[in-house]
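*Asks:* Structure below; questions to follow.
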Amino acid sequence: SAVPDGSSNGSDAVNGTAGRFVSSAEGTALAYGSLLLMALLPIFFGALRSVGCSKSKNASDMPETITSRDAARFPIIASCTLFGLYLFFKIFSQEYINLLLSMYFFVLGILALSHTMSPFMCRVFPAQLPNKQYQLLFTQGSGESKEEIVNYEFDTKDLICLGISSVVGVWYVLKKHWIANNLFGLAFALNGVELLHLNTVSTGCILLGGLFVYDVFWVFGTNVMVTVAKSFEAPIKLVFPQDLLEKGLGASNFAMLGLGDIVIPGIFIALLLRFDVSLKKNTRTYFYTSFLAYIFGLGLTIFVMHTFKHAQPALLYLVPACVGFPVLLALFKGELTEMFSERHDSVHLEEKTKMPRPQLCGSTLN
C-alpha cells in the first residue's frame, strides 16, 4: 500500500501520499484533503448500506461473511497474490498483462459503479416514465430436467445505471483519466465495505492484525509491492493531482491512496455500526468513534510521511487507531465482553434487531 506513484514525474506515493513535494503548498493540501474526503465517503455510506444488506432476503444481495479462518488466511493469500503478480510482471510483457487487467476491471468496474448508483437512481427516476421489468434467463435441458444457469431480473433503472457506468468504463479504458479511475475506485471501495462482512469483532482484529504485518513487511522489507504498483494499471487506488491548481484537469503529479487502506478498516467500522444497531440503544457511539479514529490514523500517516519524506504503510497507523479507540471505549463502558462475544454477521443481526426488510433499490439507516 505504500508504493511509488505511477505519475509522469516519478514522485513517490505514500499509501496515498506523494513523497516528493514538488507542488505548491496549496496544491499539496488540496490533494491530501481530497484523498481524505474520498476515503471517508465509501466508508460512511458503505457502512450504512451494510446494515440494510445484512437484513436482505434477496440471495443476490446477501453479503460475503468473513470468518476467523478466512481472516487468518487472508494475509497469506494476499501475499501469494502479490508475489505472483510480481513474478508475472518480471516474466511476461507488462503491456499484455495490463491489457488483460484493463478488460477485467472494465467489466467489474461497470458492475460495481452500476450497483453503487442504484439507490440514487431510485430516488431521481421520474415517476412519469415507465419502469419496465426484464429477466435474463438461461436454462439447460428441457422438460422436467430443465435447469436454470442464469436468472437475472432487472428494470429500466438498472439499464440506465448500466449505460452510465459503461460510458465511464469506455472513458477509463481509452484515456485512463484520473477522474474515471476514481469513480471506479470509489465504487469498488463502497461495494467492498457494503458486501464484505466480518462476523465478530475478534475476526476483525485477526484480519486487521494480519494485514498490519502484511503491509509493513511488503512495504519496508522488500521491493515487491513497489514493483507491482509501478507496473499495475488498474483502478485499485484513488488518485488526486497535486498540480491541479497549476495544470487543471491535465495535471500529472498524483498523490495516491490504495483501496485496501479504505476497505480493510472500512469493513471493521461497518461491523461496529452493526454492533451499535444490535445494542438497540439508538446510538452510534462505536461507529462514530471508529470513524473519527480512521480520520486520525490517516491524518497521522500523512503527517509522518510529510515530516520524514519517506513512504509509510497506512495500516501501520490505521489498525491501532481503528481497533484501539473502540476497544478502549467498550472497556470504559463495560461492554467489552459483549463486543467480543457476540456475532454481528447478517443472520444474527437480523434475528436480534427484527427490523423491516429494506427496499430493493437501496436502503438507509433509520
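Residue numbers in this text run from 1 along the chain shown.
Glycine is no exception: its Cβ is also placed from the backbone N, Cα and C atoms.
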*Asks:* Transmembrane segment per TrEMBL sits at which of 161-179, 180-198?
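*Replies:* Going through 161-179, 180-198 one by one, TrEMBL flags 180-198 as transmembrane segment.
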*Asks:* Please determine whether the transmembrane segment (285-308) and the transmembrane segment (71-89) are in contact (criterion: at least three Cβ-Cβ distances under 8 Å, sequence separation 6 or more).
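*Replies:* With fewer than 3 qualifying Cβ pairs, these stretches do not touch.
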*Asks:* Have the transmembrane segment (205-229) and the transmembrane segment (95-113) got at least three CB pairs under 8 Å, pairs 6 or more apart in sequence?
*Replies:* no
*Asks:* Same-chain Cβ contacts of the transmembrane segment (29-51) under 8 Å, 6 or more residues past its ends?
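*Replies:* For the transmembrane segment (29-51), the sequence-distant neighbours (Cβ-Cβ under 8 Å, at least 6 residues beyond its ends) are 16-18, 23, 63, 119, 182, 186, 189-195, 197, 238, 240-242, 244-245, 254-257, 261-263, 265-266, 269-270, 273-274, 277, 287, 291, 294-295, 298-299, 302, 349, 362-365.
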